[in-house]
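Everything on this sheet refers to the single structure shown next.
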Amino acid sequence: MSRCMQTFDLDWTSLHSAPLPGSSLTAGDEFKRVSQVGKKKMCPNSSANSSDTLHDNREMSNVLMSVYILVFIFGLVFNLLTFAPIVQQIRRKNVLGVYLICLSISDIFYIGTMPLWIYYYRNNHQWLISSWSCSLSGFFYYTNMYSSIYFLCCISVDRCVSVSFPLHARSIRRLRTAWIICLVIFSVTVALHVIILLNGKDNGFNSVTRTCYEAFPISTQQAIFNLLRVGFGFCLPLLILVPCYTQIWAKAKASVGLDEHSKQKLKRLVVGVIVIFSICFLPYHALLLTRSLYKLMDEESYCATEKKLHGIFSASLALCSLNSMVDPVLYMLASTGIQEDMRICYRMKREKAVTIRTISTKP
């Protein structure tokens, strides 16, 4: 019995220093090597690093806060000013008005969350209110972004049909069809981003750093989901927009029936949409794609890359919010009727104000 016990009485020190078969490394050296590889694949103290990276840059917080203040003030004013004229266009059976009103409603809902983001950056990237409000703000943010992108696609296709098939446009462009398309866009974007509300703890609010939708590092599951967002939320709409506006530009240039004013209006619309996509949506999706690809394909250099991109990524989110402010400008470029309705509306208000002032000054 004692001999059996001696057989299994292992000398762990000898085993630790014993060379591995077919290698000059010892078991201890191999264990250390594997441990180091494992550490390289992880971002050490990721929560602390994320917090330090964001909270140490007070100037960036002030810049982002200023951007959101501008978006809140001008976005709200511009959208409210154009709301009534757009409604008038729908009453006149103008299909374009349906897409514009849905885009405006989406923008107004998003602008309603602006005070929360302003408060967030005022507190230097710290969400000091409830976690569910962070999830709700993120929900409106992403729903607005992707519904806006697809409404811009609808406007582009509508303009393309009007210019390319002027004789058949009336039969193709129907008010009911436009409402159904808008309902589908809202339903799909809301359904896909309900996950933001349901999984706010994982993807939104960080209880350690108190950051909101500034996760660092992202998980593999998030990286895959981000690639789908870039593909279906940005690249696919871009593939629709490019041929549409190429066709619009060519038709406007070659058309004999269009006067010079109408041609210039169409060209301004093309430039306006390109500017919105280039400034508001392209930087965010390019950075989102970069972060996700590094996470999936180059794990070792992912952490260093993530630290470099983190501040720029926050700035790209602010650029996305600018679309809520510039969309009303697009309404003016897209429809002459809206411009005319706005002039009539404010002329009537001015005349009414003059009448009230005259009556009040009479003895």
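Each residue, glycine too, has its Cβ placed from N, Cα and C.
Positions annotated as transmembrane segment by TrEMBL: 63-84 (among others). Sequence-distant neighbours of the transmembrane segment (63-84) (same chain, 6+ residues past either end, Cβ-Cβ under 8 Å): 100-101, 104, 107-108, 111, 114-115, 117-118, 121-122, 314-315, 318, 321-322, 324-325, 327-329, 331-332, 338, 341-342, 345.
Annotation source TrEMBL lists domain 'G-protein coupled receptors family 1 profile' at 78-331.
As annotated by TrEMBL, transmembrane segment applies to 96-119 (among others).
The transmembrane segment annotation in TrEMBL covers 139-157 (among others).
Look at TrEMBL and you will find 178-198 (among others) tagged as transmembrane segment.
Residues annotated as transmembrane segment in TrEMBL: 227-248 (among others).
Through the fold, the transmembrane segment (269-289) approaches residues 145, 149, 152, 155-156, 159, 226-227, 229-230, 233-234, 238, 241, 245, 248-249, 309, 312-313, 315-317, 319-320, 322-323, 326-327, 329-330, 333-334 of its own chain, all at least 6 residues removed from its boundaries and within a Cβ separation under 8 Å. If you look up TrEMBL, you'll see 269-289 (among others) marked as transmembrane segment.
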- Tell me, roughly as an integer, the mean pLDDT over the domain 'G-protein coupled receptors family 1 profile' (78-331). 85
- Message: Counting a contact as 3 or more Cβ pairs under 8 Å, with residues at least 6 apart in sequence, do the transmembrane segment (227-248) and the transmembrane segment (96-119) touch?
- Response: no
